[in-house]
Amino acid sequence: MVFRRYVEVGRVAYISFGPHAGKLVAIVDVIDQNRALVDGPCTRVRRQAMPFKCMQLTDFILKFPHSARQKYVRKAWEKADINTKWAATRWAKKIDARERKAKMTDFDRFKVMKAKKMRNRIIKTEVKKLQRAAILKASPKKAAVAKAAIAAAAAAAAAKAKVPAKKATGPGKKAAGQKAPAQKAAGQKAAPPAKGQKGQKTPAQKAPAPKAAGKKA
């Protein structure tokens with residue numbers, strides 16, 4: 001694009017840094033190649049000399065004579081409705097967004113993150129719907145294949161949903177059946193031990209008894 005933002009009388013400029021940073025002014029006169037006489041009657045900037053390196057030229061131009069007084073500048077400013085036009089530009093919106101982002105807290109950033117995730121999820125689902133609709137419209141063969149795939153996916157999802165319920169009932173029955181042997185085992189432990197078990201447990205005690213009987217004989 002051709003550059004059209006020239007330094008001229010009536011050009012509205014944005015002050016990028018300095019004591020009046022963030023405000024708009026109108027160039028009333030050009031002093032030299034480095035400075036200009038500016039005035040901002042509607043932005044509370046007094047008429048003063050300002051270097052060009054502090055200003056960024058905008059697309060707005062006011063119509064008033066060379067070195068006009070403040071009342072003429074104010075009248076032209078209000079007639080052109082510069083403040084509302086400036087607020088509607090991308091430039092002003094980006095500056096406002098940057099300032100709001102700098103003032104955000106951790107909780108605000110967390111809410112923005114969750115909102116972005118939700119937005120991306122909604123966009124993804126809508127894109128998938130549009131893709132499926134496009135496939136169905138493209139060719140009948142692909143439409144049939146797509147319908148079969150959708151049906152298979154639905155059946156698989158239904159099967160997965162039913163399998164855990166069956167598994168849950170199966171182990172429950174087995175567990176109920178296993179409770180009876182556990183009770184029997186407890187009953188066996190409570191009963192007194194048999195004599196044969198005593199002899200098996202203490203073979204060393206009965207071994208010296210026969211030796212003693214042989215000596216007595």
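Numbering starts at 1 and runs along the chain as it is shown here.
Using the three backbone atoms N, Cα and C, a Cβ is placed for every residue, glycine included.
When you go through Lys85, Lys93, Lys117, Lys189 in Swiss-Prot, the residue listed as N6-acetyllysine is Lys85. Swiss-Prot marks one residue of Lys103, Lys173, Lys195, Lys206 with the annotation N6-succinyllysine, and that residue is Lys206. Spacing of Ser139 (phosphoserine) relative to Lys85 (N6-acetyllysine) is 50 Å (Cα to Cα, whole number).
Of the recorded residues, Lys85 (N6-acetyllysine) and Lys124 (SUMO2 cross-link) place their C-alpha atoms 36 Å from one another.
The CA atom of Lys124 (SUMO2 cross-link) is located 47 Å away from the CA atom of Lys79 (N6-acetyllysine).
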